[in-house]
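The block underneath contains the structure these notes are about, expressed in structure tokens.
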Amino acid sequence: MEKFSALIERIFMPIAQKLNTIKGLVAVRDGFLQLFPLTLAGSLVVMINVVFLSSDGFVGQYLVKVLPNLNNLQAILSPILNGTIDIMAIFAAFLIARNMANQYNADGTKAGITAIAAFFVLYPPRIDGNVPGSFLGANGIFVAIIAGLFVGYAFAKLTEIDALKIKMPETVPPEVMKSFMVAIPTIIILISTSIIAYIVAFVEPEGINVLIYSVLKKPVETIGATVWTPLVLIFIAMILWSFGIHGTSTVSPIYISIYSAMNLQNIAYAAQAGTTAGSPYPFTWFVLFENYGCIGGTGNTLALIVAILILSRRKNWVRSDYTTIAKLALVPGLFCINEPIIFGLPIVLNPIMVIPFILSPIISMALGAFMISIGFASPGTLDVGWTTPQPLKAFLSASGSWQTALSVCIVFVICVAIYLPFVAMANKSAQKESV
């Protein structure tokens, strides 16, 4: 393991250190770190509602016998989602633009406000006078990143041009003077953004968000239902996730259209045979992703949390921020809720962590397919709720197969091993930066 870690460091450390000096990546990274408290709050609400306060939840299915109106209790905490997860893209646009502008010694707050305005200029058109909420959360993160970086950079550069500054007498209050100084650059940015939105409307009337997702779906529409299909889909999904695009949402129309009928046939087979062993379609997206590619959340991030907690015991460990985030993300991660770790480290646009984040589910799903193909594990074709912790989820979804639960445990250990050298490299990179 030490030799492998050293090899990984020699190959990727110089690249990672170079990438960490790029202002855009730093702006995005810091933006997601600043979002972490809101992300954690929203994730905890999701966990409580889905696991405990839902009649279909892992714990709720038992509580509902005592509290028949259990689902109604979700209304107590659900409004928190309206102010956190559901509007994350707005916060991201502001923070990324602010961080970008600050690196050029520009007014970060005003750049952030301009970025929010630009984000909504690019936003899908109103429906019956109402702003649709579909791209205010995770689905709008990619456009929020683009808007934040563009506005932050353009704002910083335009405000350096004296000809664009409206001069005011010295008797004018400082804040009024600052606002007039950046008024023309702000107008230029918003006009430019509006022109872009106007041009995009000719290609996609529903806006740039819909255009991006529709374009990204086309490359995977021709993929057939082979044993390789889930692996190709997860590769595409993880690449997209690494750039802040909701990858699983993007490929969902493909795997739903391909596998829906197969999933139903697998369930019908299990109902008749009393077991999932011998299912007609053992390598569907549902079987491989839900049991082997999503342990703790997309990217098998529970393995990342464990890897961090293991290495945090070393004397040379300096990533106390990683340790804190891992501890906070552990409980949600047990229930397959991983926003705290994805946006807390963050993993998005993290030159070190995106590598195992992409590799882990591909390798784990391939191993799962192998164990099923040799007859060691049964395909987990039964839906027992996405928040059910592993390996219990695998055990139940495979009609009580302990071998399937064991196979998930084996895969999880391998995933931890995949993350370990990269976590060590992140720690070593932090050590060099602190010197």
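Our numbering is plain: 1 for the first residue shown, then up by one each step along the chain.
For all residues, glycine too, the Cβ spot is worked out from N, Cα and C.
Summarising the annotation, TrEMBL assigns domain 'PTS EIIC type-3' to 8-422. Summarising the annotation, TrEMBL assigns transmembrane segment to 32-53, 73-97, 104-123, 135-159, 180-203, 223-241, 253-271, 283-311, 357-382, 402-422.
For the transmembrane segment (73-97), the most Cβ-contacting stretch among 32-53, 223-241, 283-311, 357-382 is 32-53 (pairs under 8 Å). At the 8 Å Cβ threshold, with sequence separation of at least 6, the transmembrane segment (283-311) lacks contact with the transmembrane segment (135-159), having fewer than 3 such pairs. Between the transmembrane segment (104-123) and the transmembrane segment (223-241) there are fewer than 3 Cβ pairs closer than 8 Å, counting only residues 6 or more apart in sequence, so the two stretches are not in contact. For the domain 'PTS EIIC type-3' (8-422), the model gives a mean pLDDT of 86. Long-range contacts of the transmembrane segment (32-53) within the same chain, counting only residues at least 6 positions beyond its ends with a Cβ under 8 Å from a Cβ of the stretch, are 59-60, 63, 70-71, 73-74, 77-78, 80-81, 83-86, 88, 91-92, 95, 99, 325, 328-329, 331-332, 335, 337, 339-340, 343-346, 348, 387.
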